[in-house]
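Positions annotated as signal peptide by TrEMBL: 1-18. The feature transmembrane segment is assigned by TrEMBL to 96-116, 153-169, 181-205, 211-230, 291-312, 343-363, 383-402, 414-436, 442-462, 474-497, 503-525. The annotation domain 'SLC26A/SulP transporter' is assigned in TrEMBL to 101-482.
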Amino acid sequence: MHTYLISVVVAIVVSTMGSIGNSEVKNHNQHHEDGGDNGVNFSIQRGFGTKLKEALKEALFPDDPFRQFKKEQKPMRRVMKGVQYYIPIFEWLPTYNWRLFVSDLIAGLTISSLAIPQGISYAKLADLPPLVGLYSSFVPPLIYAVFGSSRHMAVGTIAGASLLIAQTIQTVADPVEDPTLYLHLIFTTTFITGVFQACLGLFRLGIVVDFFSHATINGFIGGTAVALILQQLKGVFGMKHFSTKSNMVEVVKSIVRNRHEIRWEPAVLGVILVAFLQFTKHLRNKNPKLFWVTAIAPMVTLVVSGVFTYLVKGQDHGIQIVGHLDKGLNPLSIHYLNFNSKYLPAVMQAGLITGVLSLAEGIAIGRSFAVVDNTPHDGNKEMIAFGLMNLFGSFTSCYLTSGPFSKTAVNYNAGCKTAMANVVQAIIVALALLFLAPLFGFTPLVALSAIIISAMLGLIPFEEVIHLYKVDKFDFVICMVAFLGVILVSMDIGLMLSVSTQLILFFNYRFNLLILIDYSILFAMSRLDSAFLEHLCMWLDLRHASLESYLKLVYIETRSNIKY
């Protein structure tokens, strides 16, 4: 694949060379006789400051985000444009109407039926109280509705980040022995994530997110899905003791070691619930208009399994339940943030890694739906929005949130038109917290495990992996390194191995590309302007003076051998 792209570049340059006619050569000779020089002048070099300034401008402001302000002559109009740029709700709210609200209301009600069971389930993944998962579906969607640029994004907790945060923070705090400290460190991690994401957006450093290739993300998500499914075997089997590690080897050892705790009652119930959830997905695939069946299926699972467990006294048969839940909205948690140096390294590690991953996933999802619907999408605005919703979330008893694919897809299929759908979702969750929270306490843990397993089965990218194997072996290797690293070692190690492999293949690709710069290409350069060679050197990242000088010497030698 890389070789093919290189060949295309070479063909374009050579064709440019071939298009130079005799008249152009004649003009060159005439200019040469007049004392002119049509060659590249290497004696005039741009200073380091100039190069750095232009490189930063190209990296941070390739689209010139302030161009819309420059066109306005009146200062007040510039201020209004600036407010609309940084706070997108002021851009679409003045033209909002009843027709748009009806579409957003339907979409908001639909994703709310998914937000409540997912919030409780993913909080369980992070070893957090179920209410924290519900809190995280109330405040962050409101913040995103104000600052988010995507019209289709549905905000909520995400499974992979929930498990990764839990694994990292558990190295310094035990959620069972000291749940209060553990909870406070989770809030602090969310705060670090919010600050980090907002800074990336403010300084327009979206290139950090783009550093994770599509193959890396696919492999990581697929490996995380398998790891999460393995972790849910604890709830399906009704076990009380289980491995806190997510890799396959430790999970199998834990099941074998504690096999005497396995109960058949929750296992049968779990299989039935997973089969029901998968059947609703099958219906949706056969008839896309039935997307709402998949959306309400998790809520139906919670209600039906909760009623069933209550009627048959499931706790006497090994079916564990969530337990008591208090009514009320999010309490403030800003005073619980803990920056003790003893815990700060783990908090920083969890916050930065999950921050980048949630951004990469959320921005990629938002961009995909924006392309399908031909609507605007600004990655830097999204980073600011994600950062602010996690920042305010850490102050209001929430943990990390982003734009999960399953909820966003449901939101899109339900016909959402603006971010108002997130406001509807927040209102529905708030009503549930105020009036229905105690009822969710009867939810069996096996139902939560079934919801997670069903969701994760849809995230294993079988077709993507097969496609990568057919078209690009390099990307296939990167994908498999991430996948196997996550399921055999750990999530963070798998990610680092994949990125390292990506870097090795990337630099090897650049070295091979340099070899392809032969005399014919350099001849084509001589017919273009001097900036072409310099841009090529920058593109190849020729930081070593000796290598850049060698390329220039070859170029000069080539020009001296050209016969006119």
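Here the Cβ of each residue, glycine as well, is placed from N, Cα and C on the backbone.
Distant neighbours of the transmembrane segment (181-205): 60-61, 65, 126-129, 132, 165, 168-170, 172-175, 333, 336-339, 343, 346-348, 350-352, 354-355, 358-359, 380-395, 397-400; these residues of the same chain sit at least 6 beyond its ends, with a Cβ under 8 Å from one of its Cβ atoms. Each of 96-116, 211-230, 343-363, 414-436, 442-462 was scored by its Cβ pairs under 8 Å to the transmembrane segment (291-312), and the highest score goes to 442-462. Between the transmembrane segment (343-363) and the transmembrane segment (153-169) there are 3 or more Cβ pairs closer than 8 Å, counting only residues 6 or more apart in sequence, so the two stretches are in contact. Of the ranges 153-169, 211-230, 442-462, the one with the most Cβ pairs under 8 Å to the transmembrane segment (474-497) is 211-230. Proximity of distant same-chain residues to the transmembrane segment (442-462), defined by a Cβ-Cβ separation under 8 Å and at least 6 residues beyond the stretch ends, is recorded for 117-118, 120-122, 124-125, 159, 218, 221-222, 224-226, 228-229, 232-236, 238, 266, 269-270, 273-274, 277-278, 281, 298, 301-302, 305-307, 309-310, 314, 319-322, 405-406. In the predicted model, the domain 'SLC26A/SulP transporter' (101-482) has a mean pLDDT of 89.
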